[in-house]
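**Q** The structure's right below; bear with me while I get my questions together.
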Amino acid sequence: MSLLTEVETYVLSIVPSGPLKAEIAQRLEDVFAGKNTDLEALMEWLKTRPILSPLTKGILGFVFTLTVPSERGLQRRRFVQNALNGNGDPNNMDRAVKLYRKLKREITFHGAKEVALSYSAGALASCMGLIYNRMGAVTTEVAFAVVCATCEQIADSQHRSHRQMVTTTNPLIRHENRMVLASTTAKAMEQMAGSSEQAAEAMEVASQARQMVQAMRAIGTPPSSSAGLKDDLLENLQAYQKRMGVQMQRFK
């Protein structure tokens with residue numbers, strides 16, 4: 001799973017199901033693909049979204065700011081700063097400062113995420129606030145690791161009351177990851193289609209998959225509903241590859 005796919009998965013796992021979730025997923029995809037580079041417009045759009053909690057808005061604002069190329073002197077947004085202040089709890093801030101110092105020594109995403117997961121969501125949010133206000137003091141990978149760790153803590157707390165898990169991965173995150181990977185596979189099919197004779201068939205399968213993922217996000221579905229979604233799509237992709245006489249192992 002690529003870094004941006006992982007970030008998209010974790011961030012979407014804390015967004016409530018509904019039409020807005022599908023819209024946010026599309027914005028994230030566009031931002032990560034470099035198709036949306038107007039940070040000011042993005043932040044203004046995010047600030048006025050209903051339903052989302054201040055913390056979720058803060059996390060999304062942090063991700064947008066981290067990803068979209070912007071002027072060095074760009075003004076920080078108050079709604080992001082307020083959301084990432086650890087609820088004003090001095091204990092959260094103390095822990096955030098300690099974590100921030102540790103993160104400055106980390107260079108890999110997974111190393112930083114492992115360190116971050118030992119802290120509470122409040123301390124992690126405060127740490128994000130420190131990084132947001134001094135953007136550039138840690139690497140982008142490390143900053144994304146803090147985002148994913150925070151979302152994992154939030155998703156865990158949301159799910160803990162009825163969680164009976166064999167693995168440590170949260171079902172909400174697994175569910176979101178299946179949908180993100182299905183979208184990615186659909187994109188791969190569209191790119192492969194080109195102008196071949198079977199292009200219409202490939203485009204149709206990919207289009208149906210994308211519509212299904214959008215619908216699942218918009219109406220809200222239980223975590224088990226996405227099981228097999230990516231696998232079904234990959235089977236279609238592999239059958240298409242076979243007919244075309246090509247092998248695209250990297251999409252597996």
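Don't overthink the numbers, they just go from 1 along the chain as shown.
Using N, Cα and C of the backbone, Cβ positions are placed for all residues, glycine too.
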**Q** When you get a sec, could you say which of 86-90, 101-105, 156-160, 221-225 is annotated motif 'Nuclear localization signal' by Swiss-Prot?
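**A** Checking Swiss-Prot against the ranges 86-90, 101-105, 156-160, 221-225, the motif 'Nuclear localization signal' one is 101-105.
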**Q** In the same chain, which residue numbers or ranges, 6 or more beyond the ends of the motif 'Nuclear localization signal' (101-105), come under 8 angstroms Cβ to Cβ?
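**A** Contacts of the motif 'Nuclear localization signal' (101-105) (Cβ under 8 Å, skipping residues fewer than 6 from its ends): 112, 115-116, 127, 137-138, 142, 145-146.
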**Q** Taking DSSP states H, G and I as helix and E and B as strand, how many residues of the motif 'Nuclear localization signal' (101-105) are helix, strand and coil?
**A** 3 helix, 0 strand, 2 coil
